[in-house]
Number of protein chains: 2
Amino acid sequence: MANCLVAQSGGPTSVINATVAGVVKANQLNPIYDTVYGGLHGIEGILQEMFVDLTHMSEDENKVLRQTPSSALGSCRYKLKRENVKDFERLFEVMEKYDIETLFYTGGNDSMDTVYALSEYAQKNGITNRRFVGCPKTVDNDLMVTDHCPGFASAAKFIATTAAQTWLDSTVYTRQDVFILETMGRDAGWLAASACVSGNVDVLVLPEIAFDKEAFLATVKKHIDEKNKCYIVVSEGVRYADGTYLAAGESKNDLFGHAVLGGAGSALREMILEAGISERAKVQDLANAQRSHAVGQSLVDVEESFKLGMSAHMRSADKSFSGKMVGVKRVEGDKYDVEFFATDASNVANHVKNFPTEWALPDFAGISQEAIDYIAPLLVGEPVVLYDERGLPRHVVPYYMR
Amino acid sequence: MANCLVAQSGGPTSVINATVAGVVKANQLNPIYDTVYGGLHGIEGILQEMFVDLTHMSEDENKVLRQTPSSALGSCRYKLKRENVKDFERLFEVMEKYDIETLFYTGGNDSMDTVYALSEYAQKNGITNRRFVGCPKTVDNDLMVTDHCPGFASAAKFIATTAAQTWLDSTVYTRQDVFILETMGRDAGWLAASACVSGNVDVLVLPEIAFDKEAFLATVKKHIDEKNKCYIVVSEGVRYADGTYLAAGESKNDLFGHAVLGGAGSALREMILEAGISERAKVQDLANAQRSHAVGQSLVDVEESFKLGMSAHMRSADKSFSGKMVGVKRVEGDKYDVEFFATDASNVANHVKNFPTEWALPDFAGISQEAIDYIAPLLVGEPVVLYDERGLPRHVVPYYMR
C-alpha cells in the first residue's frame with residue numbers, strides 16, 4: 001500500500017482542522033493508505049519534506065483537533081506557478097520518495113488551482129500514480145459550485161452572535177449612539193451579510209455594491225432621527241464605484257508593498273462624525289477573532305468539515321479520482337441536509353462567488369428572507385467543547401511546533 | 001408589604017442581568033416585597049419613574065435573562081452629586097410614591113458611591129423606611145473588599161480564549177509575525193493579565209506599570225530574534241511615566257471633549273514597525289465584544305452573579321440593611337468556593353483595586369503563578385446556553401425597548 005498526505009493552505013478557519021481529522025479517521029476505519037502524512041506549511045513545507053505522521057492519531061487527539069481553530073499543520077501563501085516547472089518536478093520527487101499516492105489539499109480558490117495544476121501536470125506527463133484532491137475551506141464562502149464552504153458557518157455564527165450582543169451593548173444608554181461592526185470579506189460580502197441573521201442590523205455595507213457616500217449618510221441620519229441609534233455592519237473590502245477602497249486614504253502598506261485592508265469601519269466613523277450626523281460612533285473590528293473563534297461554533301459546520309475530509313479520503317480509493325474538489329450540495333426539502341459530491345477543481349480555481357446583489361435589500365437595509373433562509377440553517381447546533389482545568393477549551397499543540 | 005426596585009448602572013457586562021434575575025427569583029421564593037420593579041436607565045430613569053414590573057417573571061424568561069449580556073434594564077452614566085439636593089429629594093419622592101422600601105443598584109465604584117450617598121442622606125434626614133443595597137459588577141474587576149467582581153470572569157475567559165485562539169492563528173505561517181491584542185482596562189490591568197492564563201502571551205503591557213518604550217522594544221526584539229514571532233497583550237489604559245496615554249498623540253476626542261481611549265495596540269504597532277523590529281504587526285482590539293460576549297461564559301461567574309442578587313434580596317429582609325454592598329469572599333481550601341458577605345458601600349465607593357504589580361513578572365513576561373491561581377478558578381465551567389431556531393443564543397428583548 002502507498003501513503004497519503006494532507007496539508008493546509010491559505011487563511012485559517014475554526015474548522016479547517018476537522019477536515020484533516022476526517023481524513024485521518026477515515027483511514028483508521030478503512031486503511032487504504034499505510035501512512036497518513038501531515039504536510040507542514042502547505043506546499044512550501046512539502047517541497048522541504050516537512051512531514052509528520054498522523055496515521056495513529058488517538059481518538060482524544062482527533063476530537064481535540066476538531067475543536068482546535070486555525071491550521072494545526074501550518075499554512076502558506078506560496079502559490080505553485082505553472083511556469084515554475086522546477087517546483088512541480090520537486091513535488092513529484094518528494095511524493096515518489098515517500099510513496100505518496102494522494103495529496104489532500106484544504107484551501108480556497110488558490111489551493112483549488114494548485115490541485116488543478118498538479119493533476120494537469122501529472123496527466124500531461126503520463127504520471128498515473130499520483131492524485132490530487134481539494135477540500136474547500138474559507139470563511140469568505142466565495143468558492144463556486146459548492147453550496148457553501150466549511151469554515152464560513154462558524155465565522156458567520158460568531159459574527160451574527162457578536163452583532164446581537166454588541167447591539168444590546170450599544171443601546172443601553174439614552175444618548176445618541178452609532179455602532180459599526182467591521183467584518184472580513186475583501187471581495188465577497190457573505191460574512192458581513194451574516195450579521196443580519198441577528199435581526200439587529202440597521203445598515204449593511206457590502207463590497208458587491210459600489211459605495212455611495214451620500215446615500216449612506218442619508219440612511220444613517222434616518223435611523224438616528226428615528227431612534228437616536230444606528231447599528232452598522234461593514235465588510236473590510238467595501239469600495240467606491242471607481243474601485244478605491246473606503247479606507248484607501250488611510251490604509252498603510254506593509255513592507256512588501258501590499259495594501260493592508262481593514263479600516264473601513266473607521267472610515268465610516270469619520271464620515272458620520274464629519275457630517276455631524278452623530279456625536280458618537282464606536283467601531284469594532286472583528287479582525288482575526290472571527291475566523292479563530294472556536295467556542296459556540298456551528299455544529300453543522302464542524303460536522304460537515306469532518307465528513308468532507310472522510311468523503312475525500314473514501315473517494316480517493318478510486319485510482320482515477322484526481323483534480324477534483326469535494327463539495328457540499330444542499331438537498332431540497334423542509335429540513336436542512338446536504339450531500340457530498342465531487343467537481344473538477346478547475347471549476348473552482350480562480351473564481352469568486354459573490355454575495356448575490358439581488359439578496360441585498362435596497363438602501364443598505366440588510367438581506368432578503370431568501371438570504372436568511374440560506375445562511376441560518378448553517379448556524380444550527382453547537383459541538384460539545386472539551387475544556388481543561390483552567391476553564392479554557394482544549395487545543396492540540398500545532399504540529400509545526402512539535 | 002412594600003415594594004423593591006432593582007436597577008443597573010455603568011458599563012454592561014455579560015452577567016449583570018443574572019443579578020437582576022437573582023433578585024427577582026429570590027422574591028418569588030420568598031415574597032418579602034409585593035412588587036419587584038425594574039428601574040430603566042439607572043438613577044436617570046428612576047428620577048423619571050421609568051419602571052417595569054418584574055415580579056412575575058417566568059422561569060423561562062429568568063433563564064434567558066441570565067444568558068443575555070449587557071444591561072436589560074438599560075444603564076446610565078448619571079452620577080448623583082451630594083450637592084444636588086433636588087435629585088435626592090426627587091428620588092425619595094419617587095420611592096414614596098411607589099412605596100419602594102429597597103433599591104438594589106448594580107454597578108461599579110460610582111454606583112457604590114450612589115448607594116453610600118443615598119443611605120447617608122436617609123440617615124441624616126431620619127428616613128428609616130428606605131434602604132439602598134449595592135451589587136458589584138464590572139469587567140474591570142477593580143472594586144475593593146470583594147475578592148472579585150461579577151462580570152470579570154466571563155470577560156477574562158473570553159479574552160484568554162481569544163488569546164489562545166488568535167495565537168494559533170498568528171503562528172501558522174513561516175514568516176515573521178507580531179500580533180497585538182488590546183483589552184479594556186483604563187486603570188486596572190486585570191483583563192489584560194487574564195490573557196496570560198492561555199499560556200501564549202510573550203509580552204504583557206499593564207497600565208499599572210509606567211511604559212518604558214526602549215525596554216518594550218528590546219523585549220519584542222528578543223522574541224522576534226528567537227522565534228520570528230511575538231504575541232503581545234496590551235491594556236487600553238497604558239501610559240508613560242508622565243501619565244500620558246500611549247495613544248494620546250493619536251487619540252480623538254468626542255464632541256464632549258472626553259478623551260477616547262483605545263489605540264494603545266495601534267501605538268505599539270507603529271513603534272515596532274518604525275523601529276524596524278518586525279515587518280508585520282497585526283492589531284486586534286477586543287472592544288465591546290469582550291464585555292458583551294455571552295457564549296462560553298464562566299459558569300462560576302454567571303452563578304455567582306445570580307446568587308449575589310439572591311443574597312442581596314434575602315439580606316434586605318433585615319430592616320437595618322442599608323448602605324451595604326454584597327461581595328464575594330474566597331474560602332480557603334483546595335477547591336474553589338466562595339461565601340457572600342456584606343460591607344459598607346463607603347469602603348468600595350470611589351476606590352480602585354489595581355492588578356498587584358508584584359504579580360507582574362519583570363520585563364513584560366506575563367503574570368506570576370499566584371496571579372494565575374487567582375484568575376483560573378474563576379473561569380471554570382460553561383452554562384448550558386439556550387439557542388433559537390436561527391442557531392443564535394436566545395436573548396430577552398431589553399425592558400427599555402418594550
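Backbone N, Cα and C atoms are what each Cβ position is placed from, and that goes for glycine too.
Taken from TrEMBL, the feature domain 'Phosphofructokinase' applies to B:4-292.
The annotation diphosphate binding site is assigned in TrEMBL to B:Gly11. In the three-state DSSP assignment, the secondary structure recorded for B:Gly11 (diphosphate binding site) is coil. Every protein chain shown contributes to the tally, and the Cβ of B:Gly11 (diphosphate binding site) ends up with 22 other Cβ atoms within 10 Å.
Counting only same-chain residues at least 6 apart in sequence, those with a Cβ under 8 Å from the Cβ of B:Asn109 (Mg(2+) binding site) are B:Asp142, B:Leu143, B:Met144, B:Val348, B:Ala349, B:Asn350, B:His351, B:Val352. Annotation source TrEMBL lists Mg(2+) binding site at B:Asn109.
Annotation comment: TrEMBL describes B:Asp110 as site 'Important for catalytic activity and substrate specificity'. Contacts of B:Asp110 (site 'Important for catalytic activity and substrate specificity') defined by a Cβ separation under 8 A and a same-chain sequence distance of 6+ are given as B:Ser9, B:Gly10, B:Lys79, B:Ala349, B:Asn350, in order along the sequence.
Taking the Cβ of B:Lys137 (site 'Important for catalytic activity') as centre and 10 Å as the limit, one finds 29 other Cβ atoms among all the protein chains shown. The site 'Important for catalytic activity' annotation in TrEMBL covers B:Lys137.
Positions annotated as substrate binding site by TrEMBL: B:Thr138, B:Val139, B:Asp140, B:Met184, B:Gly185, B:Arg186, B:Glu236. Residues within less than 8 Å, Cβ to Cβ, of B:Asp140 (substrate binding site) and separated from it by at least 6 positions along the same chain comprise B:Gly108, B:Cys149, B:Phe152, B:Met184, B:Gly185, B:Arg186, B:Asp187, B:Ala188, B:Trp190, B:Leu191. The DSSP secondary structure for B:Asp140 (substrate binding site) is coil.
The active site, proton acceptor annotation in TrEMBL covers B:Asp140.
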*For the binding-site residues listed here (B:Thr138, B:Val139), which one has the lowest count of neighbouring CB atoms within 10 Å of its own CB?*
B:Thr138
*B:Gly11 (diphosphate binding site) and B:Glu236 (substrate binding site), distance between Cα atoms, whole Å*: 16
*How many whole Å apart are the CA atoms of B:Val139 (substrate binding site) and B:Gly11 (diphosphate binding site)?*
8
*May I have the list of same-chain residues other than B:Thr138, B:Val139, B:Asp140, B:Met184, B:Gly185, B:Arg186, B:Glu236 whose Cβ is within 8 Å of the Cβ centroid of the recorded substrate site, in sequence order?*
B:Gly11, B:Asp142, B:Thr183, B:Asp187, B:Ala188, B:Trp190, B:Leu191, B:Ser235, B:Gly237
*Using the structure shown, find which entry in B:Met184, B:Gly185, B:Arg186, B:Glu236 (the binding-site residues) has the sparsest Cβ neighbourhood within 10 Å.*
B:Arg186
*In whole Å, note down how far the CA of B:Gly11 (diphosphate binding site) lies from the CA of B:Lys137 (site 'Important for catalytic activity').*
9
*Largest separation between Cα atoms (Å) of residues that the record links to substrate, namely B:Thr138, B:Val139, B:Asp140, B:Met184, B:Gly185, B:Arg186, B:Glu236*: 16
